[in-house]
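Okay, structure first, notes after.
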Amino acid sequence: MKMEEMDLEEDVLDVVDQEASTIVDILCEQRDNVLQRIFALVDARTREQLQHLPNNRESISGLVDYFRTSDQHTCRRFLDIIWSFCENIPLELDIRIVNLAGSTAGALVNNSHVPDTENSPQSRYGKRARLDQVQSYTNAVKSFLQKKFEKVTKDIKKEVCLNNTWLCWRTQKYARVRDRPAKSQEGEEVSLEHKESVEALLMKTGRVVMLSGQAGSGKTLLMHCLAHHWAQGSYPSIELLFLLEFRQLNLISQPLSLKELLFRFFLPSDEDDEQSEAVLNYVLSNPEKICFIFDGYDEFGARFKDPKELECSVNPYQQLPLADLLSALCSAKILPGCTVLVTCRPRDVFDLFGSSDYFVAELLGFNQQRVKEYTQEYFQEKGCEIKERAVSLLMDSHHLLSMSHVPGLCHVCCVCLDHFLTSDMSQQPGTQLPTSLTQIYLHILSAFISRCHGCGSSDNHTPLLQRYRVQIAMLSKLAMDGLENSRIVFPANELTTELMNFGANAGILSRLDLTCGDGSRRLGCAFTHLTIQEFMAALHLMTNPDITESQLKKKLNLKSRWTAKTDPKTVFTDSLHLYMCGLAAEACTSNLVLLKGSENARAIVLKRQDAVLKTLQRFVVSGRQTGPKIIELCRCAHETQNIDLARAIGPRDRFELRNIRLNPVDIDALAFVISSANQMVCLDFGACYIEPECLNIIPNCKNLEELNFRSRKYDDKFAEALSGILPKLQSLKQLHFISGGLTNIGAAKLFKASECCPQITRLNVSDNYLTDESVKKITELFPKLAKLTSVILGKNNISINGIFILAGKMAAFPNIKEVYANAKKKEINVQFSANTTNSASTDDLNNTEESKQLILNDWNLKWTNVHNLCPMLRGCSSLTVLNLSHNALGNRGLKKLLEHLPTLDTIQEINVSDNGVDMDGVVLLSPLLCTLKDLTEVEASHNGKKMLVLTFSSSIIDALKQVTSEGCDILHKKLSLTHSDIHPTDMNKLCKNLIKCPNPLNLDFSHGTLKDESTEKLLKFLPNMASLNLLNLSHIQMSTDSALLLVQLLSDCQRTTTVELRQLGETFIKFLQDKSEAATCKFNQYRLSSANLAKLCEILEHCHHLTDLDLSSNFLKDEDVKTFVQFLPKLQISGSVSLNNNNLTEVGVLYLLSLMHTCERVAAVEVSLGKEEQQDIIGFVQKNCTGKTFRLSSCTVQSQNVLFLLNKLATLNSVQTLELRNNSFSADTIKYLITEFCGDCNHRTIRIMEPWIKGEAAVGLVQCCLELNPNIKEIRVEKTCLKLSVESLVSATIPNEWENGNCSLSAVHCISFDDCEVEGQHLSSLQSALRNCPSLQELHFSQLTMGADGAEFLSSVLPSLKNLKILSLSSKGETEDEAVIFALQHAQKHLEQLSLAHHVIKDRGAAVLGNALQGFTRMRSLSLLKCLDWTATGGRDLVRGLVQCHSLEEIRLDSIELDEESIDCFAQGLQAMTSLKKISLNKTISKEGSGVLCLLASLHPLIELEEIELIGLRMGDRGVEELVKHIPKWTRLRKINLSENRVSDHAGEMLVKALSHCRALQQIHLFRNNLGHSSAAVLGQVLPSLSELTELDLSENQMESKGCSSVCEALVSMKALKKLHLTSIGTSDLVNVASCLKHCTSIEDISLSWNNCENDVVLKLAEVLPQCSKLKRLDLEANNINTSGAMALATCLQFCPWIEVIRLWRNPIKKDDLILKDKRLNFSST
């Protein structure tokens, strides 16, 4: 409004009267000094009255009323002060005041308080002019915005109602999920929201708001509507509103200032630059009155800049890049306090940097009612019939309805329906509504073209798409060009006028007035919506001939809905891939062919459609997809309508969706995929925004088994909507509504709806806001859901009263098996037994009911609560566990609980741990343990304050009761009082009560403290405690004197059988019911003095039945040992004494050695002074004991004591066995020992181990020994150990040379060097000694390299060894020692055993060996192991000699090659070897593989056969058929090994049946064949008859589960079995095998490796292994055992000390847990 147009004589009083409310609002926001100036104009009396009103607003309102009735002069002064000093005066009021001041400028009172420059007429006239310019521009803006609104809404059918269009506010920013990889799918939850109408967006000013909405949600329309409402007078707090569109701003490339942005690109000033400057100054001076709306940030080509990268304050006149300028506006770097509204899509919200200075709102779509209303409005002019039909079609089509929740798509669906109904398509047979978004857009395209003006044609038979395919192709190319270059606006010069007119008339394009970067205007166009542009681009890709298949695939990729700052900015909706998928649908083929238009159009279209489908198939198999990409994949499949593709996506048991927005279209696509897959699935929604309309689509998901909702945003309203669909989910088994906003109201509706889901087994409503009322409601649900197994209610607001409601229902509903409530952990669970009908009836409840448990922890329960709880449980049959731990019962509560025990007749355990019970409570329980028949154990700790558990007998325990000879049941009882300080008075009370116990009793006082007085009290009662079995005092701080008092029990109490005392270690005393015949005493880890030791020995003197005494680890010194040695003859010990790990030196060793003289009953002394572990054991004479033994190891004797020790040993004539290990003895010392110790010619055995005894030194030592002592009978060197035995001449066989008086000859019978680094060159020194050994019968060389020197040695000594019968030569590796073979010619002809291993024998050597064998007429055993390198000729020469050895009883020819002629010769020779008992031909075969059958046929005469090994002969079924002819005759057969022979399942049956005749069998090895379940079935029948079988190996045969079951049946009776190997047998179901092992009482070695076994097998093993007391090794390599399974094994090992190793290689086990540190659990080969 201009000044010239204003009434200059406007009355001052009228202005105040008309603007009174506005003036009051202004004055309420002013400072006190301004109000004081105004109150100064009022008379004193009135001022006082006004200032005493109740509040400031009433005072100001009265003040304004005062001036409304004052005179003109006073009123003018009032307005003058307002204009001069008040802030935030609205523009129109400011203009009126200036006008009044200007009309009477000279009449104003001289205001000394106002500066002259401001109060001057010139200043007021200048301001009036500027305000006039601002008002003029404001009016122009309002007119401009109203015209734009009319243009935007010209085709809108329905009036836009801001008060009926809703948004929801987010109270915090969205979680940027992909910025945190560690939470890639869980993400943060978006916090609570609240709804508001869109008109509220501008009601509050001064804030930055991001309004997000999906493409097509109506953001642009609503922004124009808001601007229109402002222009009409709404939002009075906003003086100026600027609406800018990002699609226009995209055209700006150069930097610009705020002024240039407003007056070049929004609305240029109609007047000169002076007006622009005035408006800008007003904007800068009044930012709180300015509003900016930036529409379509998603269409902006750049990103907002982080405000941290901008300057603190940005100059509004400074030219900046557009993104920086807009970022400065949004972050208050420019115009702080102005209102900014930015519209965008949800993914773009993250681009607005900053803190809490901006708000996020989300535009909500249509609900079903709004969809219906819009559809009715759209078809209002079409007539009632079409309108009703359109509404009916839309509401009945869940595809169309799901799309219509987006307003833009709702409009699209209406256009589609309009075309469908008005073009008579609906009347054509077989015509259906489109079922995908792409198909709808194809209909839209046809609809747009059909209504295009000027497109008419006389050709009514040509389809529209074909008729205008050229124009469509050009528009499609334009769309694709824009898509590739991120352009949505096109200048008119980029397309022809005809094409623009066609597009605009059809509604595909919209014309635009574009403002260029220089401010000039020109015509342009854009597609009516981004989705239209993307659809047209997809048409281009599918129809343009220039597009290659490679280009097509590049455009097809899955989009994630999780966004990150690093994601590239795009202006499009990322729907191109969906339209491409939709166009690949079969239903779109004909339309694409029309648009293609070429001769081979169909072939090209089909090829491109196939390429799209194949690419999608690759996406399916490309690996694990995240939730957003799963949804996108489902959308793609839904668009294709391809069932096969949907089935490929569907096979997954769980669809996890986290932190994404889901709309009805998404759920519709998900339902399409899930319903196509033939399996049950789970839908898991975590913090996803789900529109209520989505829930109505979920019932379309067939096979839905589990439904999870997890987010605070899921509240009662959501639960109400969910309740509406639950009755439709008939296959639903699990419902989880957790971590939500559910209250009793929503829960009641949810529970009510759940009644209609008969399959529900699990209901989880934890972490909500439920109270006891909901508990009551959910218990009403229990009898109505017959299959319910679990209800979870934790983390709610449920009190103990609610818990008692659940506890009370345990009696009413028999199928409740557990109620668990832990207040500290906030867990409340109810478990139900399966397959039991829920019924409140309690009639005829029998013992078949499952046991029940009630667990109430950390509820601060007191004795009064127990008084209320127990009556509730009175009728609860089968209640076995009552756990009330971690409460506040105290002794009084415990007593109250015990009073109610008679009503709990099925109870097995009561846990009242951590309940404030003290020792008085424990004492209260002790008489009950004696008097209550069913109370079997009281387990308490820390004087009852921590653990306190009562255990009662049950049916299971009753079955294990011991039965006495009189037939009476004996129920064992136990009192555990651990970690307790038991005072003497308490000990006295306990023992007085327990002495009356009639049942066998165990007492456990471990880990506590016993003072001497308490120990004395205990000892006073122990002899009279007749029922006591065990007293456990482990880990108790006890004095040595108290410990000695306990030892006194061995003499004071004749029932004492074991006393084991360890300071702070395992300590216990065992008693028998009758007098003990034998007793053991262990007194360890005490620091015993000589006085203590003497006292102990004095006590033990009176124990006449002591068998073993262990004084290990008592810090005994040499002098203490001397004292003990003096006492030992007086002690009547019959077994052993252990002095391990004390502080002995070599002096102590001599004291112990003296026992051999002083105590005749001492049979053995073993001493080891090793650094790691000291061992000192004294053994006593047992029955059948001949001679004494002395063992000494790791004792480095000083040089002056060596001779003394050796002489001492030499005098011990009774010592027969002497073992000396690692004592640093030299060769001279050993020689001296051999001379002196063995000089008396008594029978002696000496073993000496020193690290230097090897190689040449070993040979030299043997030579010296033979020369020093001719009585040596046997001498061996094995590694570094020398072993020799000496016999007297009387017992030795006297050779002829001795009879002839040659006493220098040795009587040695056996010399052996085994793996001791001896080589042939070392043996020369032995020659002379061997020539003097005429009695030598055995000569062994193992693991050595003979060489030429060794061959020479053999050639030299063999002729002199007249009595040699056994010669063994095992080479170290495969070495060529042919000279050794030649040396064999010198051996005596009466040689009986010859063993050659790893020798390389060529033809000449084979011939020599063959000739030699012909002369060995007494040969009984021949072994040629891996002796290779002869040709066929050499092999024949060898075999010809071998077959002449008719007396052979054993042949081993492993891994040698024979040709067919040699095998034939060998086979013929075998028939003559009727004495043969053992034959091993492992992997011995001709290169051609023939001759096996001939060889097997030759075995028929060998009826004495005991062992046969034929590994790797590849005999196959024909070989087995031949073999089974002979096996029944081998009745003495003990071992058979036919591994690696390609035996089939059928042949295996024959073999096993034949073996049934061999009842002496001890070993069967059949690994790596082709046996199956048929062989196993026969084996299961035969094995029980083989009672002596010790080894069975069936590894690497595909026996599978059925065959395994057959073997299991036999295992039950195999008591002698020691070794069982079932490696890789084709089944993981080995639970039955594990279960049967308990029957194999002799088992030592088990292998179940490489079977992919699960934890169930391990758990069964853990249960069985404690019964396998001889097991040493268990192999479980390469299975599927996880950490929990390994922990079960580790726990089991604590009870199985006999097990040496369990191999767990190649299993998915994390070895972090301490329990897995047991060294016997082997996880790797290192």
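Any Cβ shown, glycine's included, is placed from N, Cα and C.
Database features (Swiss-Prot):
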- G213, Q214, A215, G216, S217, G218, K219, T220: ATP binding site (BINDING)
- 207-537: domain 'NACHT' (DOMAIN)
- 879-902: repeat 'LRR 1' (REPEAT)
- 904-925: repeat 'LRR 2' (REPEAT)
- 1002-1025: repeat 'LRR 3' (REPEAT)
- 1026-1048: repeat 'LRR 4' (REPEAT)
- 1103-1126: repeat 'LRR 5' (REPEAT)
- 1351-1374: repeat 'LRR 8' (REPEAT)
- 1387-1411: repeat 'LRR 9' (REPEAT)
- 1421-1443: repeat 'LRR 10' (REPEAT)
- 1532-1553: repeat 'LRR 13' (REPEAT)
- 1560-1580: repeat 'LRR 14' (REPEAT)
- 1642-1662: repeat 'LRR 17' (REPEAT)
- 1670-1691: repeat 'LRR 18' (REPEAT)
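Same-chain residues at least 6 positions away in sequence with a Cβ under 8 Å from that of G216 (ATP binding site) are, in sequence order, V406, P407, G408, L409, V412, H529, T531. Against the repeat 'LRR 17' (1642-1662), the recorded stretches 1387-1411, 1532-1553, 1670-1691 differ in Cβ pairs under 8 Å, and the greatest number is found for 1670-1691.
DSSP places the residues of the repeat 'LRR 10' (1421-1443) in helix, strand and coil in these numbers: 11 helix, 6 strand, 6 coil. Each of the binding-site residues Q214, A215, S217, G218, K219 was scored by the number of other CB atoms within 10 A of its CB, and the lowest score belongs to A215. If you look at the repeat 'LRR 5' (1103-1126), the same-chain residues 6 or more away from its ends with a CB under 8 A from one of its CBs are 1050-1051, 1076-1090, 1093-1094, 1097, 1132-1145, 1147-1148, 1151-1152, 1154-1155, 1158. Taking the centre of the Cβ atoms of G213, Q214, A215, G216, S217, G218, K219, T220 as the ATP site, the nearby residues of that chain (Cβ within 8 Å, site residues left out) are R345, L363, V406, P407, G408.
Under DSSP, K219 (ATP binding site) is assigned to a helix (H, G or I) in the three-state scheme.
DSSP states for the repeat 'LRR 13' (1532-1553), grouped as helix (H, G, I), strand (E, B) and coil, give 9 helix, 3 strand, 10 coil. Sequence-distant contacts of the repeat 'LRR 2' (904-925) (same chain, six or more residues past either end, CB-CB distance under 8 Å): 851, 870, 873, 877-891, 893-895, 897-898, 938, 940, 943-954, 977, 980, 982-983, 986, 989-990, 993. In the repeat 'LRR 5' (1103-1126), helix, strand and coil residues by DSSP number 9 helix, 5 strand, 10 coil. Confidence across the repeat 'LRR 14' (1560-1580), taken as the mean pLDDT and rounded to a whole number, stands at 95. Taking the Cβ of T220 (ATP binding site) as centre and 10 Å as the limit, one finds 19 other Cβ atoms among all the protein chains shown.
Assigned with DSSP, the residues of the repeat 'LRR 2' (904-925) fall into helix, strand and coil as follows: 7 helix, 3 strand, 12 coil. Residue counts for the repeat 'LRR 17' (1642-1662) under DSSP, helix first, then strand, then coil, are 8 helix, 3 strand, 10 coil. In sequence order, K219, T343, R345, P346, E362, L363 constitute the residues six or more apart from G213 (ATP binding site) in its chain with CB-CB distances below 8 Å.
Following the DSSP three-state reduction, the secondary structure of Q214 (ATP binding site) is coil.
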